């Protein structure tokens, strides 16, 4: 068995001048930490590198707390989405084992079908990490994405076909120093980081404040209310939210989001987006999310997405759900700790 570690995984921020709506919410190491760098995309997407197989085959993935499966494109897939990305070749890995079990996952803005197999991931876990090899990726969402696949960091109950998530495999094998991971998203991309097995205090100021998980599937918890200038504008009487690294924006019920758009002065454009006058940012209000008795302010600079001379709102309505999704718009402002040992999330002001 390997000694427990902290794994630091750099994340890069990739920006797309005309991206599709990105929403990856799934429908259905020990003594020292591991970190993975995360990278930024305009509607921002944060990605990192993993390696599967022996010898290792490289893939760019979204580390997604809104789902729990790991999958990458495979050589079995001839969809345009697969042909545009790196594809895993089982025949080129000496440690691959096939199950021939089918896999089908529906996301908020995309889907995949494939088969399940086992192999080594990033030399982090033993060769028995289960993952999906896509055989079909219909639609355009994955065709134009900068990432190859998705590594889910949600609870096991969210995993399709009861596949053991990567982080659970790491915990079960005592490969992480602590049974938690943390995420720092730099607004400008470089320096963003996913840390498996540790909390890095250099990425936040003040103290971490903890919020208990209410449902162990997504990283779900209770929100008290959302206010502007002391007045409740959404989530009146409380609501449920999830902390989701796989969603670019801050998503909520359509009625509540309409109230927020109106209060901040956003107007709906011809393509459904909500536009903001870039010159008015200094006079726009702060939106405050109240969680577990504490306030988490989002200033205009946090909830506005600026592309050259165009500014749009980082809030988006969802007419099909009452669940709020605190995506990258929120996580960029607040360093986030996902604590499986104590079933809670920790939040602190990001540097």
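Quick reminder: no glycine exception, Cβ is built from N, Cα and C everywhere.
The feature domain 'Peptidase A1' is assigned by TrEMBL to 46-348.
Residue 64 (active site) falls within a strand when secondary structure is assigned with DSSP. What TrEMBL records for 64 (among others) is active site.
Applying an 8 A CB threshold to same-chain residues 6+ apart, the list for residue 82 (disulfide bond) reads 73, 74, 134, 137. In the three-state DSSP classification, residue 82 (disulfide bond) falls within a helix. The annotation disulfide bond is assigned in TrEMBL to 77-82 (among others).
Residues or ranges marked as disulfide bond in TrEMBL: 235-239 (among others). Cβ-based neighbour count (10 Å, all protein chains) for residue 239 (disulfide bond) stands at 18.
Here TrEMBL flags 244 (among others) as active site. When Cβ atoms from all protein chains are considered, those within 10 Å of residue 244 (active site) total 30, not counting its own.
The Cβ of residue 278 (disulfide bond) lies under 8 Å from the Cβ of 304, 306, 309, 310, 311, each of these being in the same chain and 6 or more residues away along the sequence. Mapped onto three states, the DSSP output places residue 278 (disulfide bond) in helix. Among the features that TrEMBL reports, disulfide bond is placed at 278-311 (among others).
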Residue 64 (active site) and residue 244 (active site), Cα-Cα, nearest whole angstrom: 7
Integer Cα-Cα distance in angstrom, residue 239 (disulfide bond) to residue 77 (disulfide bond): 41
Rounded Cα separation (Å) that holds between residue 235 (disulfide bond) and residue 64 (active site): 25
Local confidence of the prediction over the domain 'Peptidase A1' (46-348), expressed as mean pLDDT: 94
Residue 77 (disulfide bond) to residue 64 (active site) - Cα separation in whole Å: 22
